[in-house]
Amino acid sequence: MASQIARRLVILGAPGSGKSTIATRIVKAYGMPYIVAGDLLRQNIKQQSEESRTMKEYINKGLLIPDDLILKFLVDELEKNREQGFLLEGYPRTLNQAEMLYRQMKVDHVIAIHVPADEIINRLKDRWFHLSSGRVYNLLWRPPKEAGKDDITGEPLAQREDDKPAVIRHRLNAYNKNINPIIQFYKQLGILQDFHGRESDKIWPEVKNYLDHILKEPMNQKVAV
Ligand code: ADP
């Protein structure tokens, strides 16, 4: 097959917006490499590399890793997939990161998921985590097979202190403060597409329509999503 222009996609969405759900469906449907900043950081920390020590300090304090450090960390993974294209999640989180990434390599399309705050607050209060892998469960719609235990390892699940409504509201405000300039940046470049909704199942078909259009390649229709 003639090689297709690389599509470098970024997905943006607040914590609890269902961004990962949509991202997973995109990757399933179109088969591009999936780069998740938070997951790569967790893997790296598990391997106890030299560079991960500093980053771990920021993560443990709930702070963003400095812009130059996080890009340096991600750059190999991004470069490895430069020609093939990718879907990037969890980066950028600051305007500076967006600009640094764009200098490193052009992004083709940005998908911004917008879900109302009250919906997010409702979802997050029932969220449980398997801390070492980052696997997420939700008691309402994706409960673990055995109550309180991770499906794969059987280890105990934990709830985040900051999944309480007041704290979520605060996190969403902080997220919006950071994300708005990023959205403006991509809007000015003419590469941002907004998707609004309350349910991933309603947002997903719109994202798929959009991607079918821009990727133009026939996709695997058999994929159950
Ligand atoms: P969350 O931010 O919801 O806790 P993530 O898995 O996306 O979950 O990220 C975990 C931590 O990794 C963040 O709290 C932050 O410290 C760090 N991190 C992830 N992505 C970035 C980024 N783009 N820039 C700076 N720090 C990041």
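Cβ from N, Cα, C; glycine included.
A TrEMBL annotation is a machine prediction, not a hand-curated record.
Listed in TrEMBL:
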- ARG42, LEU63, LEU64, ILE65, GLN97, ARG160, ARG171: AMP binding site (BINDING)
- ARG127, VAL136, TYR137, SER200: GTP binding site (BINDING)
- 127-162: domain 'Adenylate kinase active site lid' (DOMAIN)
- 36-65: region 'NMPbind' (REGION)
- 126-163: region 'LID' (REGION)
Q: Taking the Cβ of GLN97 (AMP binding site) as the centre, count every other Cβ atom within 10 Å, in any protein chain shown.
A: 22
Q: Could you say which of the binding-site residues LEU63, LEU64 has its Cβ with the most other Cβ atoms inside 10 Å?
A: LEU64
(Q) Using the alpha carbons only, what distance in Å do you get between LEU63 (AMP binding site) and ARG127 (GTP binding site) once rounded? (A) 21
Q) Which site among ILE65, VAL136 has the most other CB atoms no more than 10 Å from its CB, taking these as binding-site residues? A) ILE65
Q) Of the binding-site residues ARG127, VAL136, SER200, which one sits closest to ARG160 (AMP binding site) when you measure Cα to Cα? A) ARG127
Q) Going by DSSP, is ARG171 (AMP binding site) part of a helix, a strand, or coil? A) helix
Q: Check the Cα-Cα distances from VAL136 (GTP binding site) to the binding-site residues ARG42, LEU64, ILE65, GLN97 and tell me which is shortest.
A: ARG42
Q) Looking only at Cβ atoms, how many others are within 10 Å of the one on ARG171 (AMP binding site)? A) 18
Q: Please list, in sequence order, those binding-site residues from LEU64, ILE65, ARG171 with the Cβ less than 6 Å from ligand 1.
A: LEU64, ILE65
Q: Write down the Cα-Cα distance for GLN97 (AMP binding site) and TYR137 (GTP binding site), rounded and given in Å.
A: 29
(Q) Helix, strand or coil by DSSP: which one applies to LEU63 (AMP binding site)? (A) coil
**Q.** Shell of the GTP site beyond ARG127, VAL136, TYR137, SER200, same chain only (C-beta within 8 angstroms of their C-beta centre)
**A.** THR21, ARG123, ASN138, TRP141, ARG142
